[in-house]
């Protein structure tokens, strides 16, 4: 039987995706996030099916994480205006190459790609802090709390700070079963918060960057 907390989790992601899809037209800056929500909902359901059938859903993460990183790279490239925007493409390219090499030679499909997830979290956190600082530099009359892009930025910072600790130590948790329950509860709460923030972002106004 599928647990209630999982159904709530999927419901929040799906609702955020449907809401974003409804408001997608003309909101170019949030398009990558909307597609990411849809892909995440599908991947989470696939992971659950594989966990219940073959008891191994780790290969999904080897595909999902590079896709997730690519969509975040597109989001930040579309929204960042400072000189740090120039870091997006080279960092994306380096990490995608690392992801391939990591899967082929270091952490194969039967091992969680923790090396890539740690690097991804650091890079995405860096981009989110850069964008966050841009929002703080806006004139005081600007209500940044009503901006979907700002809310997405906050959600990303929250999620990656927690995920860096969780996914970075994933293989350690697996080898120490006594820790899994408490750590997983913290991670689940973090996910609820993250996707609830993204759902809120889908309801807010997505303003085009100043350079467009």
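Glycine is treated like the rest: Cβ placed from N, Cα and C.
TrEMBL lists 6-24, 33-54, 60-77, 89-109, 121-138, 150-174, 186-204 with the feature transmembrane segment.
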**OP:** Report the listed stretch (6-24, 60-77, 89-109, 121-138, 186-204) having the maximum count of Cβ pairs within less than 8 Å of the transmembrane segment (33-54).
**Re:** 6-24
Subject >> Beyond the flanks of the transmembrane segment (6-24) by 6 or more, those residues with Cβ under 8 Å of it >> reply: 30-31, 33-34, 37-38, 40-41, 44-45, 48, 188, 191-192, 195-196, 198-199, 202-203, 206
